[in-house]
Structure formats: structure tokens, C-alpha cells
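Report on the structure given below.
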Amino acid sequence: MQVFMLTTHSMLIRPFLAFFLLLIASFSSPSFAQEADKATDTQPSSALLADLLENPETRDQLISELRALADPEKTQAAEEQQTSLVRQIADSTQAFAQQMTQQLLEALEVTSELANSDWHLMVPYALNFLYVIIATLLSYLVLRKLAIPLFRYADNLVSTRPGAARLVTRLVIVLGALLVDLLAILLAWVTGYSIALFLIGELGEMSTVQSLFLNAFLVIEVFKSLVRMFFSARYNGLRLLPFCAETAAYWNAWIAKISSFIGYGMLLLVPVVNFYAAPALGHVVSLLVMLTAFVYALAIILQNKKRVAENISEQAENSDFAFTKIILNMLSRSWHLLAIAYFAGLLLVTAIRPEDALPVILQASMQTLLAIVVGLFISALLTQVISRQVQVPDDLKARFPALQARLNEFIPTSLKFVRLIIMLVVFAFVLDAWSLFDFSAWLSSDTGSRLLGTVLSVAIILLIAKLTWIAFASWVEHRLSPTGRSIASARQQTLLKLLSNAVMIMLIVFTVMISLAELGLNIGPLIAGAGVVGLAIGFGAQTLVKDVITGIFIQLENAINTGDVVTADGITGTAENLTIRSLGLRDRFGTYHLIPFSSITTVSNYMRGYGYHVGDYGVAYREDTDDVTVHLRAAFDELMSDAEQSKDIMDELEVQGVSELADSAVNIRVRIKTLPGAQWSVGRAYNRLVKRHLDAASIEIPFPHFTLYFGQNKDGSAPPAPLNLVSTPASRNAEKSLEQQPDEARSNPQSGTDFDEA
């Protein structure tokens, strides 16, 4: 890897060297040339001007030329010539060529002068400088070795803290490890300063080069320690980014190399050249440093383009936040462009602003890094909170069963919105760091403060509306819950559900209106327009209006409540849902029917006060009806002995007598008064017992059959038929089933669905 990078670096540097010299002439400041000309030409120019003024002829000629320049027509012509686009291009091209040539000549002249210098005089200073470097770096390495046990302990401490508290614990421990690392850097810096002041050279004095190195060491190592927070190669627990150890070691080493190269080049080499040679040559060196760093970074970025994109795409797939997934997918496709643009920006800033290039770069980079770090930490903390479920105490859960579900739906959604705002703020800080957007000025402006206040106001309105709905829905749920202070009746359940719908609509309307008002929209015309639209809908959608009006009167008359068994529009079922416009019925087959109130002409409610099981029991004409009545009462007495059924029976058996002399049976009608909704289950249980009692008494229950005719004698008697009656296992089992009725034969109707078609 290193061989490849060095080879690539050497191949790419050569063609850029010629272009680099052109950049020097085009972007370098002309201050150096101007200062040199000023130093050499000031005195001759003053003497020449004095000679011109002393001579009367030349003085008169100068006055005439000045008056000619003051002529308005000539001045206007000169201005037109000056503002001509072609002339501007020509002047700019000429100035560019002259400046480029001048800067290139100055750089070559300074370089040749340095080549002819006596370098032997610099050897003692170079040795002292080398001693300071060795002492500082050795002291730093020793201090880092001494801090290894602390780093290992911190790593183990993070690994033993699983769960939700691990993120906060890791951040605190990583910050502690960073402080230890910074302390080692500071002690090494103090050691280098002490050696330079008291052990090397004259006592109490330090050369400029030594001071520049120590300051560069402090800045660079602090930056590298911050990088190790995210790309710690040796300690997995102290690494904030989700990389493996191999990947973290690779990027940590690469960032350390390029930051050291740029840092020592810009903070040490360039100031030394500026101080001991010339600013023009220092500008050349700074451009050379940044150009080399750009080429090296370009090679590494293009080499790792695909691998980094795959890692970012993998993180996007694992993200549960849609906005984060979109950002990561975009970053996976364009990360290399952003990285190249970053290093190209460093090169451009160095070329345009050589005097303060490094402070600008450091400030922008540190602000970007700080914004991203804080944003990532808060986002990760919110992600952990979102992934956790809110646990409501058991007593509160018993009173409000759905409160926990509502909170677990509301809190993660709100935190996702907060995370989106944080990402936008981080993006604004990054743009502000590179002077692409003045975030602080925008916040202090009228537009920014107004927009920020509007966003906060709308967010507070939405929060209050949502919390109001959660509180109201929980109260309704508490009233409907059987564990409440009193069990709600069917009427209360229906009205509470309708009230919930009305409150939800009201909250939505008021929230939208107030939010629009906060956004600066005039809601007066909207309200008037809504009235006109409502009137138009009333005329155009008369069926809808009829639904609503009929539904209102049905509720006022208490015709239907939730849970009632009703017949509406020819459909019998349990009323599951009631709105202001429609009725939802569930029939005995489980089919759900949605019936608009406008189509309901008659409502039959089987759940008002009491119910009756009415049974018509047919017996053969040869049976005694009084005897049949006795057995019907006996069946009812047995029914009353069943505790499960007797609790639903409100009165004694009512025998209404013979109701019909049908074609093949005599029908005897009885009626049992039951609690509302129990008439069907009581009737089925009574039918079962009637069948058993009539069979035991050999009372015939007629059913469709036919008679075989074998002829007739003269005296009216029928001749005997030769029949052979055979007893089969099926007939014997049928006889036994009449004698023994196990408990498994009992019916088990379900409450709320036990009804028959009308």
C-alpha cells in the first residue's frame, strides 16, 4: 500500500510541477515586487520630478498635458475606452502575464540566492533544532506508553457496559481518554520548551525555528488526538465510529500522515522560509505543500472510492430513519467528490489567501468536525431512545391500557423530527464553517428570527394538540374500561366514541388553522371559503347531509348503541362502530357491513329492556295437548336448574296454548322472558330439553314422511305386511344417546355474537 502511494505520488507530482510554477505567478500577491520597487525607485523618481518642475519648458508642457486630460470630451472617450469589454479583457490578460512573469522571476532569483548561500553556518542551529525535535517526540512517546494501562482500563470499562447506558458511558470514557492524551501532548510540549530554553543554546533563549516547531507539534498532535476519538485502532471501546479495527487503523494512519505533512509544512516550513528567505518563496513552498497533499489525497480517495461507498450503503440499509437513509445513500455516491472538493478548497485557499490560509483552514475544519461530532452523538442518543419502549407502571396501565402504545407511537415520531432538525442545524454549521452561509448572521436577522420563532410556535402547537389528544383518548379509554370507577353502559360507550371522533376533528381543524395563522397566512378568507364550500357540498351532496342528520337523530333517540344486536336495512348483526354518518354491523357469519344512515328506514333493536324466546312446538294430532304442556313445563323446570341459564331468565314459563292446527301438527306456543340478548341462547337450550322430554314420553314430533299401502280387506282392516326389523349399531347408539346426554352436548354461545336472523 505504501509503495503504491509513493509511486503514485511521484508519478503525479512531475506533471503538476510546471503547472505549479504558473499558479505561483497567477495567484501570488504582488506586494513583494511592489515593496522591492518602492525601495529602489523612490529616490530616483522624486529627483526626476523635482528636475521637471525646475525647468520652465518641461513645467509648461506638464501643465498643458494635465489640462488636456481635464478636457470633458477626452475624459469621456477615455472612460468609454476603459469600460470596453474587449479592452478590459486585454488589460487583464496583459496584467496577468506581467504578474506571472514577475513572480516567477522573483522565485527563481530567491532560489538561486539560497543555492549560493553558505550552509555550513546553519549546522549548529540545525543540530539544536534536531535536539529539540528528538526530545519532544521521545517525551511524547514515553508519556503515551505510560498512558497505555489507562487506555486499556477505559476500553474494558466500556465493553462491560451493555444496554442503553453504553453510549453515554462510552462518550464520557472516550472524553476521559482524550483528556489523558491531551495531557501527554501538553507535557511533551512543556518538556520540549524547557529543553529549548534551559539545555540547548543560550540559557533562557529560544530560536524562532524551535518555537515554530513546538507550536506546530502542539496543534498537530491535538488534531490527531481528536482523530483518534473516531478511528482508534487499538481500543475498540474508545472508537466512536462503527469501523472494524483494520479499517480504523488504515484511516487513522492516513489522516495522521496527511495532517502532519500539511501541519508541519504550513506551520513550520513556510514561516521559516518567509522569515529567512522571502515571502514570495514562502508562497511557493505553501502551494507546493498543498499541491502535494492534494495529489496524495486524490490518489487515496480514488483508491478507496468503492470500498467506502459500500460501507456507507451498508450503514444506510441498517438505518431506520428515512431521512438518514436518504442522506447516507447520497453520501455513498458522492463522498469522493466531497473529499476531493475539500482538499481542492484547501489548495485554493492557500493560493488566494496565503497570509491566513492555515488559520482559515483550521477554523473551518474544526468547526465542521465539532458540528458533525455533536450532531452524531445527539442523533445516536436519540436513536437509542427511539429504539427503547416506554414502560408505563402497572397500575396506570390497568386504568389506561392503550396509553403505553400511544406514547410509544408519539415519542419516537417526535424524536425523529428532532433528529431531522439537528441534522439541518449541523448542515447549516458546516456551510457556515466554509463561509458558504452565515448562520449566525441569518439567525440574528429579521428573516431568520421570524422563521425560527414560527417553527418553534408551530412545533409547540402540534405538541400541545398531540398531548391533548393522548390525554383525552386515555380518559375515554378509562371510562370505557371495565376496571374504571364504574362500568360504562352501551349508551355511554356509543356517545364516548362519537365524542372522540368529534374531538379529533375539532383538534385537527383548530391545529391547522392556528398553525396557518402562525405561518403568517390570513385564515379569515379560509374560514369564509370553508363556509362557502360547506354550503356547496350541502347542496351537491344531499345524501351525505341526510346521513349526518339521520345519524344525529338516531343518537338523540338512543336507537342504537355500540354492542347492540340490531336489524338495519334488512341486515341483522352486532353494532361495532357508530359514526355521525354510518353504522358498522357484524353479522353472525363474521361479515362486516357498513350501512349509511340515509338508507336506514327502520331500526330493530333486540337489546332494549328484555327479550323473549317464542317457541311453537308441533306434536301429532293423536297426542294429548295437556300432556304435552306438562312435559314442556318439565323441560322449563330442568332449564331453571341450570345456573348458567337461569341467571338470564326473568320470569316463569308462559304457555300461550295451541297457536295453530297445522296440516300435520298441532302447534303449542310458549314464551320465555330473558335478559336482552340472552333470548337466543336460552331458546336453544330450551329446545334441546324439549326434544329430550318429548322423546322420553314417546310424544311424536311430526316431520315429513309417507305411508306405504298394502291393500285393504272388505271389513276395512289392512292385511299384515311381512316385515323383518333388524337392530343396527347406529340405532342402538341413537337409543343410548337419548338416555345419556353428556356435558359436551351443551351449547357454548359467545357473548355479542349469539343471535339469529330476524
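Backbone N, Cα and C atoms are what each Cβ position is placed from, and that goes for glycine too.
Caution: TrEMBL annotation is automatic and unverified by curators.
Here is what TrEMBL says about this protein:
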- 1-33: signal peptide (SIGNAL)
- 122-143: transmembrane segment (TRANSMEM)
- 171-200: transmembrane segment (TRANSMEM)
- 212-231: transmembrane segment (TRANSMEM)
- 284-302: transmembrane segment (TRANSMEM)
- 335-354: transmembrane segment (TRANSMEM)
- 360-382: transmembrane segment (TRANSMEM)
- 417-437: transmembrane segment (TRANSMEM)
- 457-477: transmembrane segment (TRANSMEM)
- 498-517: transmembrane segment (TRANSMEM)
- 505-542: domain 'Mechanosensitive ion channel transmembrane helices 2/3' (DOMAIN)
- 523-545: transmembrane segment (TRANSMEM)
- 543-607: domain 'Mechanosensitive ion channel MscS' (DOMAIN)
- 617-701: domain 'Mechanosensitive ion channel MscS C-terminal' (DOMAIN)
- 717-758: region 'Disordered' (REGION)
- 733-746: compositional bias 'Basic and acidic residues' (COMPBIAS)
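Most Cβ pairs under 8 Å with the transmembrane segment (122-143) belong to 212-231, among the candidate stretches 212-231, 457-477, 498-517.
Distant neighbours of the transmembrane segment (417-437): 321, 323-324, 327, 345, 363-365, 367-368, 371-372, 374-375, 378-379, 382-383, 459; these residues of the same chain sit at least 6 beyond its ends, with a Cβ under 8 Å from one of its Cβ atoms. Residues 167-168, 171, 219, 226, 229-230, 240, 324, 346, 349-350, 353, 415-416, 418-419, 422-423, 425-426, 429-430, 432-435 of the same chain lie 6 or more positions beyond the ends of the transmembrane segment (360-382) yet place their CB under 8 Å from a CB of it. For the transmembrane segment (212-231), the list of distant contacts is 129, 132-133, 136, 140, 174, 178, 181-182, 185-186, 188-189, 192-193, 196, 238-241, 243, 248-249, 251-252, 255-256, 259-260, 263-264, 267-268, 271-272, 362, 369, 373: same-chain residues at least six beyond its ends, Cβ to Cβ under 8 Å. Here the transmembrane segment (457-477) has long-range neighbours at 400-403, 406-407, 410, 414, 417, 496-497, 499-500, 503-504, 507, 510-511, 514-515, 518-519, meaning same-chain residues at least 6 beyond its ends whose C-beta is under 8 angstroms from one of its own. When the domain 'Mechanosensitive ion channel MscS' (543-607) is classified with DSSP, helix, strand and coil residues number 17 helix, 25 strand, 23 coil. Counting residues of the domain 'Mechanosensitive ion channel MscS C-terminal' (617-701) by DSSP class, helix then strand then coil, yields 38 helix, 21 strand, 26 coil. Within the same chain, residues 23, 27-29, 262, 266, 282-283, 286-287, 289-291, 293-294, 297-298, 301-302, 305, 308-309, 312, 360-361, 434 sit at least 6 positions outside the transmembrane segment (335-354) and bring their C-beta atoms closer than 8 Å to a C-beta of that stretch. Mean predicted confidence for the domain 'Mechanosensitive ion channel MscS C-terminal' (617-701): the pLDDT average there is 92.
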